[in-house]
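Asks: Just lifted these from TrEMBL, have a look:
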| type | residues | note |
| --- | --- | --- |
| DOMAIN | 31-235 | domain 'Neurotransmitter-gated ion-channel ligand-binding' |
| TRANSMEM | 236-258 | transmembrane segment |
| DOMAIN | 243-444 | domain 'Neurotransmitter-gated ion-channel transmembrane' |
| TRANSMEM | 270-289 | transmembrane segment |
| TRANSMEM | 301-320 | transmembrane segment |
| REGION | 354-380 | region 'Disordered' |
| COMPBIAS | 363-372 | compositional bias 'Pro residues' |
| TRANSMEM | 429-449 | transmembrane segment |
Amino acid sequence: MGPQSPRLSLGLLLLLPFLPECSGAEGRLAHKLFRDLFANYTSALRPVADTDQALNVTLEVTLSQIIDMDERNQVLTLYLWIRQEWTDAYLRWDPDAYGGLDAIRIPSSLVWRPDIVLYNKADAQPPASASTNVVLRHDGAVRWDAPAITRSSCRVDVSAFPFDAQRCGLTFGSWTHGGHQLDVRPRGAGASLADFVENVEWRVLGMPARRRVLTYGCCSEPYPDVTFTLLLRRRAAAYVCNLLLPCVLISLLAPLAFHLPADSGEKVSLGVTVLLALTVFQLLLAESMPPAESVPLIGKYYMATMTMVTFSTALTILIMNLHYCGPSAHPVPAWARALLLGRLARGLCVRERGEPCGQSRPPESPPSPQPPEGGAGLPASPCREPQCLCHQEALLHHVATIANTFRSHRAAQRRHEDWKRLARVMDRFFLGIFFSMALVMSLLVLVQAL
């Protein structure tokens, strides 16, 4: 320690006998002030010098925490710090007469307090005042700071869930005093968010205040109130990752059933599997989604996706019927051959092996007519013998039968290939249609998160 330490210690020792006397003097002055102020004071009446004069109460609210937002019961639970300031005409003194004492802190139950309550309270219990002290100044200004956990009714609109924004109002006003007796006004433009604890589900955009003067049917005098509107926006990141993105990926996977080869046997199985997966996610969504009169946005997206998958599965079954048309099937109609196998096939670049893109196979000419029996129309044979001619006619008859059978089989095979090619054209066409629909719906929903 330095050389001044003994002098400092000696000075403190000399001052110690006077410290209790000073603090005791201040305590005695505070007790004397308390006895003088509350000798003839009553907390039952409004503290105004003139009964026709309205008492002004300034209300200030600080939002500390969002405890719960119950969408099912439409109840908002908040933790607030409420400050009320007014002037008591009977609690004034001269600070010089009490040793410069200009403020004291006393229990709030000893002074008159305004009966300001939350109008849209959603709690069955009666309102309870916090047992905190009030700060009383020499000019009669009273400041009462009290914490409060409020449960207020809030109309929740989940039509845009999980990208919804809510507006919840908290209306404060006097329960028995009209505007001619008590006038309540907000301090500042809104509630303070300086000490707000961030919520994991909701983001607070602001809490503006608005003063209103209303006249109710029960009473003729006006009643002023102050409404603090809490502006909330839901944090949708968890819902996007857990509910929306899986549905988007599944919806983009569903149109790929049109790209699977029909011979694989998995086209219908893929559609049914995707539909079952969407059903499971729909059940998970129903558990986490708040009930509402209107269907939320994500619910509409799920319904649209499931409808699209159902139609795509039904179309896949119809296209597979076209693919497995046997040789006994009728030929492809002329309009379908010209429109689907012609223009649409060239536009979608559906071609056979070895065929360049943009060109379609020319329509098959009908088979040539069968040669007449008996060898009519056949070339002349060099054999002039009757026995040789008989054998030649029989041989030519068998050859003609084999040729006709081959032509019939080839025509049937060509008809079967035409139906298979038509099925490929329809697959390619619906692949583009349903993939575009799934992509557009997914983008429309995901853009709401930006």
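Note that the numbers count up from 1, one per residue, in the order the chain is shown.
Each Cβ is built from the backbone N, Cα and C atoms, and glycine gets one as well.
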Asks: Tell me, what is the mean pLDDT of the domain 'Neurotransmitter-gated ion-channel ligand-binding' (31-235)?
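Replies: Within the domain 'Neurotransmitter-gated ion-channel ligand-binding' (31-235), the model's average pLDDT equals 91.
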Asks: What residues elsewhere in the chain lie close to the transmembrane segment (301-320), defined as a C-beta under 8 angstroms and at least 6 residues from its ends?
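Replies: Same-chain contacts beyond the ends: 244, 247, 250-251, 254-255, 257-258, 262, 267-268, 271-272, 274-275, 278-279, 281-282, 285, 295, 423, 426-427, 430, 434, 437-438, 441, 445.
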Asks: Give residue numbers and ranges for long-range contacts of the transmembrane segment (429-449): same chain, 6 or more residues beyond its ends, CB-CB under 8 A.
Replies: 160, 163, 236, 240, 244, 248, 251-252, 254-256, 258-259, 297-298, 301, 304-305, 308, 311-312, 315, 319, 344, 348
